[in-house]
Amino acid sequence: MVAAEAGNLEEFIRLYEGDNNRLSVKDSKGRTAAHQAAARNRVNILTFIHGQGGNLNAQDMVGNTPLHTAVENDSLDALEFLLKIPVATNVLNEKKLAPVHLATEQNKVHALQVMGKYREVIDIQQGGEHGRTALHLAAIYDNEECARILISEFGACPRKPCNNGYYPIHEAAKNASSKTMEVFFQWGESKGCTREEMISFYDSEGNVPLHSAVHGGDIKAVELCLKSGAKISTQQHDLSTPVHLAAAQGAIEIVKLMFRMQPLEKRISLNCTDIQKMTPLHCAAMFDHPEIVEYLVKEGADINAMDKEKRSPLLLSSSRGGWRTVMALIRLGANISLKDANSRNVLHLVIMNGGCLDEFAKEVCRTQSEIYLLQLLNEKDDAGCSPLHYASREGHIRSLENLIRLGACINLKNNNNESPLHFAARYGRYNTVRQLLDSEKGTFIINESDGEGLTPLHIASQQGHTRVVQLLLNRGALLHRDHNGRNPLHLAAMSGYRQTIELLHSVHSHLLDQVDKDGNTALHLATMENKPNAVILLLSLGCKLLHNYMDMSAIDYAIYYKYPEAALAMATHEERSSEVMALKSDKHPCVTLALIASMPRVFEAVQDNCITKANCKKDSKSFYIRYSFSCLQCPALYAQMDARTGEAVQISKPIPLPALNAMVAHGRVELLAHPLSQKYLQMKWNSYGKYFHLANLLFYSVFLFFVTLFTSQLMRNATPIGHTDGNHTQAAGTPVDSGQHILALRSTTARSKGYNLGTVANVSSSVAPPTIEEQMEVTTTTLVSGIGLFMILMPILLMNLLIGLAVGDIESVRRNAQLKRLAMQVVLHTELERKLPQMWLEMVDKMELIEYPNEKKCKLGFLDSVLRGIDYVLENTEDYVAVELEKQKRKLRDIGTALDAQHQLLRLIVQ
C-alpha cells in the first residue's frame, strides 16, 4: 500500500514478487493497492497492476472502484489511463453513484472533460438513485458547467425523466438552479425547441417547471421561467396554478412578481379554481397568510367566493383557526352571513375551533354592524345546534359568557331536542353547567328533557360526571324518569360508575329498588351491561333481588348473556352470595345447575368461596378448614337442564346429588376434582356409603362361599352313568342342572374378565355349561408354556400401549380417566341414595364440614385404617397447569381492576 501510494515501482515489484497475493490485500477501508495508486495519480503502478492481471474494478467498503477514487481526487492521468484500458464505468457505489455521477455531483469539471474523450465507454443515460442521470444531478446542484459538458460532449438528453417522472428542467426549477435552467433553454433553442415549449413540459404529477420553481421558493428561478414564457394560469393535474401554490406557501414576493410580469394572466389566475373549487384566496386564507389575502383582495380577488363545500375564505380560515386572516377578511368587508354545506356560519366555526369571540365581536361591530352579529347568535346548523351548543360542548367559558351577554338564547333545542345544558352535562363541563345555571333562565332549563326523556341529571349520571351530578342535585334537579321509566341511578348502574351510584344513593336512597317499564332494577341493568363493579356496589348497598316482568332475575341475565364477570360478582359476593344462589325462576330454577352447565369457571370460584380457613397460623392446633356444601344443594323440584345452555326444559323429579351429576353430564372435571366436591363425596362415604358398600360386599362374599361349597359337593358326589336307572339319573341330574344355573353368573364374569385382558375366548365353550363328563386335564407343560408366552407378549403389548399414549393426547387421556373415576364415585352414591329413605338421608347428611388438620386424631379401627390407606393411594395428583393458569387469570383480573381505577382517575382529572 505504501509503495503504491508513493509511486515506488521497484519496491512495489519486489513486494509483488515476494507474494503475488498482495495485489488483492485491502486496508481497513477496504481499499486495494489500485485504489491507493489511483488516488495519488500513480499511473506506473496502475500499469504494472494491469499488466499482472490485477483487479482494477475492485470495490472498497463504500462501493468505490479505483475509477471513483481517481474522479474524487482529481487524478486526471490515472483517470485517463483507466478509461483507456477500459475499466467498468457503470459500477454504482453505496450512494448509487457511478463515476460520471460522482464527477457531476462534486462539480469535477476537468474530470468530466477527460471522461468526455471516452464517452463511447460511458453510459451517460445511466440512472442512479431514483433513476436520476448525471444531468439530473447537475440540475439539482446547479452545476452549470457540468451540465454544459454533459450536453455538448456526452450528448446527454434533457428529455429523459427519472423514476419519479421528473425531467432535469423540473429538478432545476424545484431546486432554484437558475444557471442550469439557462443551459437547458440554450440547448433547446439549438435543437429548434422554443423556450415556451420547454417550459411547458409536464412531469408525472402534471407540474410544469414554473410549479416546481414555486415549490422551490427561489424567486430567480421563477423569474427565469416567467421570462421564458411560462404562464401563471397553467394548471396541474389537481387544477392548481402556480398562484395557488405561492399563495398557500405565503410567498407574497413571488405572487407580486407573477402579477407584475404577466398582468394579462392575473385576472384569469385569480378566478381560477382547483379540484376543490378553491381560488388562490382560499389557499392563502386556509394557511393563515393575511398579507397575501389583503394583496389578492386588493388585486381584485372575489372575497366571498365559495369552494366545493360552500365555504368562503372567511369560513375556511375560521375552520382552520386562522384568526389573523379572519380579522383581515372582516376588515376587508367579507360577508359574515354566509353558511357552509352544513349550514354553519362563521360564529359556529369560530367557537368550535377555539377562537376568541370577544375580539371577533369587537371587530365586526367596529368595521361592519352589530346587527349582522346579532343575527348569527341563534342560527342553527343542519344538526339544529346553535353557537351556544358548541360553546357548551367544548367548554369555552369566555365564549359562553360573551354569547349570553350578547343575548343568545340558552334554551334552544337541536334536532334531538337537546339544549346547551344537555351538551355541557354530557361532556362533563362543570364550569359551563354552573355558568348556564347562573344565568337568568337557569332554573327553567335544569329539568328539561331531550327527545329520549333524559334530563341533564340523567345524562350526567349516565356519563359518570360526579361533580356535575353533585352540582345539579345541589341546584334542585328533580328525579324524573326517561321514556323507558329509568331514573338517574339506573343509567349510572348501566354505565358502571360507582362514585355516581354512591352519590345518588346517599341523597336519594329510595332509588335503589325502583324498576323501569320492564320491571328491571338497577341491578338488572348493571348485569345486562356486564358492569361487575356496579353489581358489587349495588349488592353491598342492600338492593333487593327482584324479578322483572319476564320473571328474570339479575343472575338469570348474567347466565343468559354469558357474562362471567357479572355472574362472578354476584355469585361470590361476600354478604349476598347465598341469596343469589338461592334465586329461582322459570328459566333457571336452580342457579347451581345453570352455572355448572354454562359457566364452570364461575362455579369454580363459588366453590372456592365455600372453603374458608381460620384466621390464625397454619401450624396452630386451632387452625381449621370449613367446607360449606350449600352451593351443591338444589331445590326439591327443579327443571331438566339443557345440556348446551343450562336453561330449563321440563319439570321432573330430582335425582340425588344433582350438582355432581350435572358436573358428570357436562364433563366438568375441574369441578369434580375440586376439594369441595371431593370433601362432599368423602362426607357421603363416611356418613353411610362405606357401611352399605361393605355390607353388600360381605353379603356377596357369603353368597359366593356357599355357592362354591355347593358346587364342590356336587363334584365330589358324582355317580357314573349306566349304574343307575332312569329315576336315579333324573334325580342326580336335577341338582346338577341347578348347579349349572348357579355357576352361569361366575362363568359370564370370568369370560368378561378374559375379554378385558385381551384374550380371545371360544364362544361355544364359554357359553356352554361344563358337564361332569368333560373334564379338562391341564398338564404341567401346558401351564408353563402359557405363563412363558404371557411373560413374553405382555411387555410388548404394554410398551406399544405406552407409545400410543405418548404419541396421542396424554392430557386428554388423563382427563377422561379422571372424569370416569370421579363419575363412577358419583354414580355409586347416586344409585345408593335412590334406594335409601329420604328421611334417613336427611338425618345423616351434613351442610358443612370442619377439619382441624393439626389436631391429633383418635386411633382408627382396622376397617377405617384399610379404607384410609386405599384413599391415600388413589388420591388424585394436583393439576399444576390448571393452578398456574388460575394464578395468571387472577393476575389479569388484578390488572384489569387497576386499569379501571386509572380510567376513573383520568376522568376526574379531565373534569
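The first residue you see is number 1, and the count goes up from there.
Every residue gets a Cβ built from N, Cα and C, even glycine.
What TrEMBL records for this protein:
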type	residues	note
REPEAT	29-61	repeat 'ANK'
REPEAT	62-94	repeat 'ANK'
REPEAT	130-152	repeat 'ANK'
REPEAT	205-237	repeat 'ANK'
REPEAT	276-308	repeat 'ANK'
REPEAT	309-341	repeat 'ANK'
REPEAT	383-415	repeat 'ANK'
REPEAT	416-448	repeat 'ANK'
REPEAT	452-484	repeat 'ANK'
REPEAT	484-504	repeat 'ANK'
REPEAT	518-542	repeat 'ANK'
TRANSMEM	691-710	transmembrane segment
TRANSMEM	783-807	transmembrane segment
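Model confidence over the repeat 'ANK' (309-341) is summarised by a mean pLDDT of 94.
A Cβ distance under 8 Å defines the sequence-distant neighbours of the repeat 'ANK' (205-237), meaning residues of its chain 6+ beyond its ends; these are 165-166, 169-178, 181-182, 185, 194-196, 198-199, 243, 245-246, 249, 251, 253-254, 257-259, 261-262, 265-266, 268-269, 272, 274. Listed by sequence, the residues of this chain that lie at least six past the ends of the repeat 'ANK' (62-94) yet keep a Cβ under 8 A from its Cβ atoms are 29-32, 34-35, 37-43, 46-47, 50, 56, 100, 102-103, 106, 108, 110-111, 114-115, 117-118, 121-123, 126, 128. Through the fold, the repeat 'ANK' (452-484) approaches residues 421-422, 424-430, 433-434, 437, 442-443, 446, 491-492, 494-495, 497, 499-500, 503-504, 507-508, 511, 516-518, 907-908, 911 of its own chain, all at least 6 residues removed from its boundaries and within a Cβ separation under 8 Å. Broken down by DSSP into helix, strand and coil, the repeat 'ANK' (205-237) contains 17 helix, 0 strand, 16 coil. Taken through DSSP, the repeat 'ANK' (276-308) splits into 16 helix, 0 strand, 17 coil. Residues 342, 347-348, 351-352, 354-358, 361, 373-374, 376-377, 421, 423-424, 426-427, 429, 431-432, 435-436, 439, 441-442, 444-445, 448, 450 of the same chain, all 6+ positions outside the repeat 'ANK' (383-415), place their C-beta atoms under 8 angstroms from a C-beta of that stretch. Long-range neighbours of the repeat 'ANK' (518-542) within the same chain, counting only residues 6 or more positions beyond its ends whose Cβ lies under 8 Å from a Cβ of the stretch, are 484-486, 489-490, 492-498, 501-502, 505, 511-512, 548-550, 552-555, 557-558, 561, 563, 565-566, 568-570, 573, 575-576, 580, 900. Taken through DSSP, the repeat 'ANK' (484-504) splits into 15 helix, 0 strand, 6 coil.
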